Amino acid sequence: MGDNMDFSEHYGNFSENYVTESYGEFDLYYDPLNETSLSEQGHRSIWVLSIVLCSIACVLGITGNAFVIWIAGVKMKRTVNTIWFVNLAAADLLCCVSIPFSIADIILNSHWPYGEAMCKILPSMVVLNMFASVFTLVLISLDRFALVILPVWAQNHRSITLAWLLCGLVWVLGLLLSLPSMIYREIVVHDDMNITLCIYNHLQDKTEGNQSAIKAIHVTRLILGFLIPLLVIAVCYLLIGRRVSSGRFKSQRAFQIILVVVTTFFVCWLPYHVIGLVIEYGKEASQVMARALDPLAISLAYVNSCLNPVLYVFMGQDFKERVRVSLRKIFEKVFSEDVTLRSSVYSKGQSQLSRATNSSEAQV
């Protein structure tokens, strides 16, 4: 095969060599005539759409998340809420910074010109973003749960210092869970094709132990990075919803924004995990199709990193207000502590504390 490899011959393994995380086996000599696969035109369409989505995510994500960090982290008074949103924006910004390398990787038909160090670092940044983002969303949900369900505890323990410590813990856990990506990634040079690939080394080392380790990594990623956070967040908002619907708290726009942000995260990352499972455990025909669609799933995960600032703008004000006020005012309203909620929490906390005191005095 010559230096200028035909698009259809190489694109079949695109998803397995893509700069972000890949899951299963890949076939370097993909057969475009395989009836279970997509046509060459289908691959080209996925190729173009992936570039478009990544480009949009890059431009909006870098500018939007940088603006969020500037507003919530620099211009506004430091609160627990602003710390959560700054941490979420920092995770998304980190991911968006790596997108240009991904776009170049797509354009170069998965050729990896950046060396082995970057092969280990860049894919790991995407995994780190996933864990840091979802763990931050869990913290936000638990924080809202404490404010509504455990107001006395929130009044006594909810602090900026604790928020910073928890955000630090999020990054430590994210880094630890991203380490396998660094360990198992390496570059493979194919001189006959004039191409260098960034892949998992289990694609070269097919020993049973190595294969099992990779599968364990992906299952762990699915459970800790998707299923458990989804369960925790769902339970938190189910209980919050019951309390709000009881009429004891007014429905707050802040809750609506956070719910949409959480829902968007899981919708954007669901295809990534589903396709990964199909590639790892599905039948051969399903694996081929999943590999072909994998770039779209990865691009959709990238898009999630640019959506939050957009959601803050479109949900932070009514439409007429959005026209009249500056973006800074919109963001400040989104990130500010909810006065009505805090008043309700404080009143309920005082009421509970008063009842507890009266009960103690009666017993004496």
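Every residue, even glycine, has its Cβ placed from backbone N, Cα and C.
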Disulfide-bonded cysteine for C198 as listed in Swiss-Prot, from C95, C96, C119, C306: C119
Same-side membrane placement of W112 and Q256 in Swiss-Prot: no
Swiss-Prot annotation, N-linked glycosylation site - which of N13, N358: N13
Among N34, N210, residue that the record in Swiss-Prot marks as N-linked glycosylation site: N34
Secondary structure content of the topological domain 'Extracellular' (278-295), with strand meaning DSSP E or B: 16 helix, 0 strand, 2 coil
Which of 51-71, 83-103, 121-141, 160-180, 296-316 contacts the transmembrane segment (221-241) most, counting Cβ pairs under 8 Å: 121-141
Contact call for the transmembrane segment (257-277) against the transmembrane segment (121-141), three or more Cβ pairs under 8 Å: yes
Highest-contact recorded stretch vs the transmembrane segment (83-103), from 51-71, 121-141, 160-180, 296-316, CB pairs under 8 Å: 51-71
For the topological domain 'Cytoplasmic' (72-82), the number of residues DSSP places in helix, strand and coil: 7 helix, 0 strand, 4 coil
Closest-packing stretch to the transmembrane segment (296-316), where packing means Cβ pairs under 8 Å, from 51-71, 121-141, 160-180: 51-71
Beyond the flanks of the transmembrane segment (160-180) by at least 6 residues, Cβ under 8 Å: 78-80, 83-84, 87, 91, 124-125, 127-128, 131-132, 135-136, 139, 143, 213, 217, 220-221, 224-225
